[in-house]
Amino acid sequence: MKLAWLRSLESAHQDCVWACTWVPATDRSGGLLLTGSLDETVKLWNPEDLSVVRTNTGHCLGVVSVAAHPSGRIGASASMDSFIRVFDVESNNTIATLEAPPSEVWQMQFDPRGTTLAVAGGSSASVKLWDTAEWKLVSTLSIPRPEGAKPSDKGSSKKFVLSVAWSPSGRQLACGSMDGSISVFDVQRAKFLHHLEGHTMPVRSLAYSPLDPRVLVSGSDDECIHMYDAEGKTLFSSMSGHSSWVLSVDVSPDGAAIASGSSDRTVRLWDPKMRAAVQTMTNHTDQVWGVKFEAVGGGARGSLLASVSDDKSISLYNYS
């Protein structure tokens, strides 16, 4: 496994770039890179040359998360203005505007079938589920209080939900909180299943393995990357090497590698079997907020990795 730098674009946005994801190819368009920035814009990029395809200016505060529907036809952006804008990728027209109270919109992700958009609910200590047919809020998955906690305890801030990830089957949903805990839910039954423990600081990023639905990877401010058996409730691997917060993690399409972005300004490639970083990329000059793999042509080999940073730049790497 290896990353080879392909290209970078400085000043891709006018302010820090906090989010990125890949828009799947359709019968009318190839795959695109979607980014969101504190400059209040969302941009779609052609990965061949990192040229701008479209720019979205629908928000009035910085964009903290972006998501792509598995059909490749719909995108979504979440902003500190407490709105989620759902838009048509090809026309850029707004499909729906979803409103949440202040600080209730953080990371988000469409489920594998594209029927539900899950949004990390910030200080509400919950994950909001939006139906994508009518764009209505259909469920709120609340993180239970710790056993023995009193209603008057001011513990909700510790359960501030930062990150969210769907299992490959779409049956389970995991979310990471400010206190370092990870909560796992059965979505169909809207039931809390269990907590995954191990981190001591905020869990900013989660990603399931595309090949093993039990394996959940997490990145935290404690500088560690954990691998859990999300169904068996066990932490089976912990990897360290970053010198600051781990802000983003993702699992390669072949399931053989993990990428991470950190406040230490590096992107690292990890071998889960070795439990160690096998490569460190130093293209960025500031915090790396997002890393995301995409398979080229739907294959597991010959994938791309994108990274975005506070330095306003985008970098692309080939993974093979």
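Glycine too: its Cβ is placed from the backbone N, Cα and C atoms.
TrEMBL lists 10-55, 56-97, 161-195, 196-238, 239-280 with the feature repeat 'WD'.
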Per DSSP, how many helix, strand and coil residues does the repeat 'WD' (56-97) have?
0 helix, 23 strand, 19 coil
State the residues, same chain only, that lie 6 or more residues beyond the ends of the repeat 'WD' (56-97) and have a CB under 8 A from a CB inside it; answer 'none' if no residue qualifies.
15-16, 18-26, 28-29, 31-32, 34-44, 103-110, 112-114, 117, 119, 130, 132, 135
As a quick check of your reading of DSSP, tell me how many residues in the repeat 'WD' (161-195) are helical, how many are strand and how many are coil.
0 helix, 22 strand, 13 coil
Summary of DSSP states over the repeat 'WD' (239-280), given as helix, strand and coil counts:
0 helix, 23 strand, 19 coil
For the repeat 'WD' (161-195), what is the mean per-residue pLDDT, to the nearest integer?
95
